[in-house]
Amino acid sequence: MVKAVFAGSFDPPTFGHLNVIERAQKIFTEVHVVIAVNNNKNYLFSGEERKHMMEELTQKWDNVFVNTWNSLIVNYAEKIGANVLIRGVRNVSDFSYEFDLAVMNKGLNQKIETVFMVPDTKYFVLRSSSIKELASFGGNLSGMVPPIVEKALKEKIEEI
């Protein structure tokens, strides 16, 4: 039984995130999607809002679990008995950043392995920050985020 953890801010969740989750859940016995909650960061959506969206989006997979976490991801992995961290990489700059994190995580816990997953190429340009900016200008988000996320983005932007 191999448990894996896929952590991120998911602010908001995108089709790229879901593509990685869908593929990971076919490889690993369990995939734990962990919503990062860092009080020093400014998120558009609260941790609970992001968790709720991700739960809705992943409910079709019985082996995918969603939680929030506000500490080191290796500690979460150890807590649930996972030994794999999944990291999505779209390009060389993503890989460079994620490689450094993988080395650091390995230093924190020798049992942790990092698996890099490349999303389908049609999702390479998706960045949550760009999607939020596009939404703020009323841009078309179809093909970037699921309808429930698009609706939540529009509602959140109207509040601001």
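Each Cβ is built from the backbone N, Cα and C atoms, and glycine gets one as well.
Sequence annotations record features per position, and here Swiss-Prot assigns substrate binding site to Ser9, Lys41, Ile73, Arg87. Per Swiss-Prot, the feature ATP binding site maps to Ser9, Phe10, His17, Gly88, Val89, Arg90, Glu98, Tyr123, Phe124, Val125, Leu126, Arg127, Ser128, Ser129. Taken from Swiss-Prot, the feature site 'Transition state stabilizer' covers His17, and the record attributes it to sequence analysis.
Here the Cα atom of Ser128 (ATP binding site) is found 14 Å from that of Lys41 (substrate binding site). The binding-site residues examined here are Ser9, Ser128; by Cβ neighbour count within 10 Å, the least packed of them is Ser9. Figure note: comparing Cβ neighbours within 10 Å for the binding-site residues Ile73, Val89, Leu126, the maximum is reached by Ile73. Sequence-distant contacts (6 or more apart, same chain, Cβ under 8 Å) of Phe124 (ATP binding site) comprise Gly16, Arg90, Asn91. Geometry remark: Val89 (ATP binding site) versus Ser9 (substrate binding site), CA distance 15 Å.
In sequence order, Gly8, Phe10, Gly88 make up the list of same-chain residues 6 or more apart from His17 (ATP binding site) whose Cβ falls under 8 Å from its Cβ. Taken residue by residue with DSSP, Ser128 (ATP binding site) is part of a helix. Across the annotated binding residues for substrate (Ser9, Lys41, Ile73, Arg87), the two most widely spaced Cα atoms sit 20 Å apart.
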